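Sequence annotations record features per position, and here TrEMBL assigns domain 'MIT' to 9-85. Feature annotation from TrEMBL assigns coiled coil to 59-86.
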Amino acid sequence: MSRAGGDGTAALERAGAETVKRAVELDLASRFQESLVCYQEGIDLLLQVVKGTKDEAKKQRYRQKISEYMTRAEDIKKHIEKEKQDGKYHKQIRIEENATGYSYEKLFQEYLTEIVSEVWVEDPYIRHVHQLYNFLRFCEMLVKGPCKVKTIHLLTSYDEGSGRNQQTSGLEEIKQSLRNYGVMLNVSFSSSIHDREIRFNNGWMIKIGRGLDYFKKPEGRFCIGYCDFDLRPCHETTVDVFHTKHTKKM
């Protein structure tokens with residue numbers, strides 16, 4: 001094996017070991033969804049190590065370890081699936097201050113299966129222009145699929161200042177635009193709403209501490225992150241994901 005090849009395998013070996021170590025730590029902390037991702041990434045890295053080494057003893061040692069990690073990953077998968085079926089599933093994502101990589105697509109896409117046809121959004125702060133644009137971006141994501149959304153229910157609160165006309169006209173424009181794509185938007189207002197949550201009729205429920213408004217204002221109109229929200233810095237917040245058999249109606 002060339003020196004370059006040996007260095008590459010050693011780097012994979014270190015990365016694999018660190019990733020699996022993290023998987024075990026998350027596993028012990030009962031953060032099973034994150035643990036599963038780390039196990040899968042670690043297994044993939046260690047498989048590349050096995051492929052790249054000529055040391056038969058090392059190959060055998062890693063094959064044994066990989067087998068153990070695969071068994072544990074499969075057990076975690078079954079545990080997560082059972083929690084979903086029992087309505088006990090809970091995954092938490094902590095978005096750090098100024099973190100990037102948390103566009104709506106990145107956050108919601110894995111839960112938007114093809115059977116999703118109805119969505120409920122409870123968010124008291126769909127009022128100001130940037131919040132209306134956030135909701136519009138969320139609707140655009142739903143329209144793009146792969147889900148086949150037919151109805152979106154929005155429960156929010158009225159702008160208490162001079163922006164009420166802008167709020168209602170903006171929501172009406174979004175409603176008319178969605179109608180062109182065969183999607184009905186039902187808007188309701190409540191003065192007592194405080195919770196922020198999004199529910200899909202496949203049983204997934206996502207609660208975001210800041211609702212849809214967790215992106216920071218861009219530094220300028222021509223700054224990176226202005227258009228691509230994966231590159232937009234975020235406010236610190238927590239995302240809690242649940243799965244329940246019965247999605248309540250508003």
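Note: Cβ is positioned from N, Cα and C throughout, glycine not excepted.
Bear in mind that TrEMBL entries carry predicted annotations, made automatically and left uncurated.
What does the local environment look like for each feature on the list?
This prediction places the mean pLDDT of the domain 'MIT' (9-85) at 89.
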Where DSSP helix means H, G or I and strand means E or B, what are the helix, strand and coil counts for the domain 'MIT' (9-85)?
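Helix, strand, coil within the domain 'MIT' (9-85): 71 helix, 0 strand, 6 coil.
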